[in-house]
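Over in Swiss-Prot, the protein carries these features:
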BINDING   Val18, Gly60, Cys61, Gly62, Lys63, Thr64, Glu65, Asp250, Glu315, Arg387  ATP binding site
Amino acid sequence: MTTFSPREIVSELDRYIVGQADAKRAVAIALRNRWRRQQLQGPLREEVAPKNILMIGPTGCGKTEISRRLARLANAPFLKVEATKFTEVGYVGRDVEQIVRDLVEVGIGLKRDEKRRSVQAKAEAAAEARILDALVGPTASQATRDSFRRRLRAGELDDKEVELELAGSATAGLPMFEIPGMPGAAMGAINLGDMLGKALGGQRGRPRRITVRDAHAPLMTEESDKLLDQDTIIQEAIREVEDNGIVFLDEVDKICAREGRGGADVSREGVQRDLLPLIEGTTVATKYGPVKTDHILFIASGAFHVSKPSDLLPELQGRLPIRVELAPLTVDDFRRILTETEASLLKQAVALMATEGVTVTFTDDAVDALARVAVDVNSSVENIGARRLQTVLERVLDEISFAAPDRSGEIVTIDAAYVRERVESLAQNADLSRFIL
């Protein structure tokens with residue numbers, strides 16, 4: 001779990017997301033409150049419930065990007081799901097309890113990686129010994145093994161093929177499939193590899209010819225897992241999920257039953273009803289054991305273009321007490337998105353063209369023109385926020401991207417006149433599109 005202060009979390013989000021200070025503050029405080037609760041002792045710690053968040057804002061203003069960056073910051077089990085993927089219990093499709101099962105899988109993966117890092121040195125030695133056995137045989141003299149070990153560590157044997165027995169190779173290619181609507185202990189998914197593992201010798205494995213370079217990763221995984229207690233990993237992961245798990249529920253506005261609209265749209269409100277106990281706190285059965293959701297933090301977000309937050313069930317609104325509105329982006333915001341963010345679109349474009357030997361530079365007035373065109377098209381057609389910049393920039397760079405392999409060594413300067421010339425047709429099409437039914 002992260003120990004960053006709210007100010008540090010906001011500062012980290014500022015590197016990638018322009019504006020939206022209220023939303024950043026809300027998620028930073030919520031994340032810090034996870035740490036604060038861990039410092040409490042006794043019954044009070046159990047009583048402190050997370051304050052779930054509802055983020056409201058137009059598409060392309062940074063809601064989903066906040067969740068992506070938060071996932072990297074959280075250092076805790078984090079799951080981002082779209083509310084539209086789920087259906088009411090009893091209908092074909094995934095029920096909302098699958099959210100918790102998926103979160104547990106994420107938690108186990110995190111905990112396993114953490115434990116593997118703690119035994120990395122021992123696993124490295126064991127993997128190296130197995131590769132040496134495959135190269136020179138287990139009966140080789142110590143001098144021979146030392147000689148080959150030096151060459152192995154120097155990378156001289158990376159391309160040499162060896163025959164190794166890797167666990168699970170017999171069933172590695174077998175898929176998982178879901179059983180729609182299968183509730184409770186069956187967990188809705190069957191892994192054919194697990195089912196047929198013993199029958200096909202999946203645990204024993206079978207000899208495979210593989211290069212030394214490619215053998216390192218699977219051997220490290222195998223040797224690490226031999227040193228780990230899987231039951232302990234599962235118990236610790238479930239505890240981590242229950243105490244520090246975070247679920248980001250995107251597109252929550254799409255499951256609103258819109259006012260005055262009836263008909264066969266039964267699963268929308270049903271999904272909301274199914275979410276109620278999950279967000280309030282319930283126990284979900286997973287294949288690893290029961291998981292309590294009382295202290296899992298839920299962050300819901302939606303554009304609410306067609307529906308309104310008040311169209312959500314009142315009970316669901318009550319379970320999302322912190323409401324944050326994200327502002328639409330302005331010309332200045334677009335300009336900052338293009339220039340200030342850590343991996344801005346302009347930096348990406350320049351780096352991509354540099355791989356072809358073409359040096360692309362954007363003048364300040366070109367950046368202003370790109371921002372202005374994006375805002376104009378958003379206002380005249382459909383406001384899709386910062387995503388519009390990708391459309392505009394691709395149109396501007398279209399000719400350069402196509403001819404880049406033939407223009408290696410050139411320096412291309414893009415100014416406002418070039419931008420206007422390239423996007424003129426885009427603006428005209430936007431104007432015409434208003435009159436087409």
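Keep in mind that glycine also has a Cβ here, set from the backbone N, Cα and C atoms.
Swiss-Prot feature annotations superimposed on the structure.
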{"residue": "Val18", "record": "ATP binding site", "contacts (Cβ under 8 Å, 6+ apart)": "Gly62, Leu329, Asp333, Arg336, Ile337, Glu340, Thr341"}
{"residue": "Cys61", "record": "ATP binding site", "contacts (Cβ under 8 Å, 6+ apart)": "Gln20, Leu326, Ala327, Pro328, Leu329, Gly385, Ala386"}
{"residue": "Lys63", "record": "ATP binding site", "contacts (Cβ under 8 Å, 6+ apart)": "Ala23, Met55, Gly57, Asp250, Ser301, Gly302, Ala303, Leu326"}
{"residue": "Glu65", "record": "ATP binding site", "contacts (Cβ under 8 Å, 6+ apart)": "Tyr16, Ile17"}
{"residue": "Glu315", "record": "ATP binding site", "contacts (Cβ under 8 Å, 6+ apart)": "Leu276"}
